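So the structure is just underneath, and the comments pick up after that.
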Amino acid sequence: MAGPSIALIGAGRMGAALASGWLAGRGKPDIRIQDPKPSETVTEWAGAGKVSLNPEPEPVDVLVIAVKPQVFPKMAESLKPWIGPQTLVLSIMAGTRLKQLTERLGTGHVIRVMPNTPGAIGKGVSVMAKSDIVMAKQLEIAGKLLKPLGEVIGPVDEKHMSVVTGLSGSGPAYVFLMAEAMADAAMAEGLPAELAEQLAALTIEGAAALMVQSDEAPSALRKAVTSPGGTTQAALDILMDEGGMPILMRKAIRAAANRDRELSRDTD
Ligand SMILES: NC(=O)C1=CN([C@@H]2O[C@H](COP(=O)(O)OP(=O)(O)OC[C@H]3O[C@@H](n4cnc5c(N)ncnc54)[C@H](OP(=O)(O)O)[C@@H]3O)[C@@H](O)[C@H]2O)C=CC1
Ligand SMILES: O=C(O)[C@@H]1CCC=N1
């Protein structure tokens with residue numbers, strides 16, 4: 001059976017990650033991409049006949065919206081020709097609520113998704129929230145389209161999506177910052193740059209893999225590294241001090257979630 005016809009609006013970092021997952025699957029998916037300034041990769045896909053680039057809009061099975069939330073209100077009207085009575089709309093935009101999608105696009109068949117960039121290598125997590133009238137079959141289609149990016153979670157209540165965005169959507173950036181900060185600190189202590197960067201990245205990779213494979217909670221794994229009176233304890237006394245990492249993370253995730261809520265208000 002042929003797969004669904006898909007129109008992808010915006011093939012930037014996340015949109016292109018989605019499309020490359022669909023292209024890596026079996027069969028020849030029907031993918032139409034709308035992007036005014038397509039990247040080299042997207043242009044190559046089009047040249048090789050893998051996708052059709054900037055075709056005339058017509059109703060498709062699934063419309064995937066992957067533009068910036070600030071762009072959406074200005075272009076929403078122009079997306080209507082892609083939408084028929086049965087079209088499922090999948091939005092990955094931060095801070096754009098199901099109600100706003102429904103009102104601007106004139107359909108209730110909408111699912112909001114928060115993916116993350118590790119999806120580009122199949123190691124991401126996508127969290128879905130859906131409007132009431134989305135059918136089980138449509139949820140299944142959405143799940144299949146998101147599967148190449150990694151784990152798919154939900155549907156969850158939409159009220160959780162701002163915090164989800166602050167945690168898993170933006171979260172990879174926090175981890176990359178930690179790698180940068182660890183390497184910079186080691187360099188400041190005299191380690192050569194290349195060795196510092198290599199050790200920071202491998203340590204984060206190893207710790208993440210151990211956490212995923214282990215049955216133990218992150219706090220137990222942390223304690224297993226921490227010998228009483230040892231080196232880790234000396235570092236954690238600083239990281240977990242008042243105003244240290246836990247409180248900073250609390251403030252950071254609150255700021256990200258609040259920004260998501262603010263974006264919702266801006267796009268009203
Ligand atoms: N990056 C991330 O980690 C995550 C992003 N998201 C969400 O994904 C969405 C896209 O983010 P991201 O991929 O990072 O951003 P990008 O800027 O990389 O991608 C957006 C793409 O949309 C294109 N575009 C702009 N205007 C139009 C238009 N009128 N029609 C079609 N395409 C258009 C842009 O082109 P141009 O560059 O020429 O403007 C660009 O290629 C956002 O809503 C974001 O909230 C969600 C989860 C994680
Ligand atoms: O920074 C952003 O707004 C987007 C949403 C989550 C990750 N990137």
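Here, residue 1 is simply the first one shown, and the rest follow in order.
Positions of Cβ are set from backbone N, Cα and C atoms, glycine also.
Curation does not apply to TrEMBL; its annotations are automatic.
Keep in mind the model is a prediction, meaning the values are calculated, not measured.
Annotated features, as they stand in TrEMBL:
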- 6-95: domain 'Pyrroline-5-carboxylate reductase catalytic N-terminal' (DOMAIN)
- I9, G10, A11, G12, R13, M14, A66, V67, K68, P69: NADP(+) binding site (BINDING)
- 158-263: domain 'Pyrroline-5-carboxylate reductase dimerisation' (DOMAIN)
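Taking a C-beta cut-off of under 8 Å and a sequence gap of six or more, A11 (NADP(+) binding site) has these contacts in its own chain: A19, I33, D35, P38, S39, V42, A66. Secondary structure from DSSP puts R13 (NADP(+) binding site) in a helix. Across the residues of the domain 'Pyrroline-5-carboxylate reductase catalytic N-terminal' (6-95), the predicted structure has a mean pLDDT of 94. A 10 Å cutoff on Cβ-Cβ distances gives I9 (NADP(+) binding site) a total of 23 other Cβ atoms nearby, all chains included. Across the range of the domain 'Pyrroline-5-carboxylate reductase catalytic N-terminal' (6-95), the DSSP-based residue counts are 31 helix, 19 strand, 40 coil.
K68 (NADP(+) binding site) counts 12 other C-beta atoms within 10 Å of its own C-beta, drawing on all protein chains shown.
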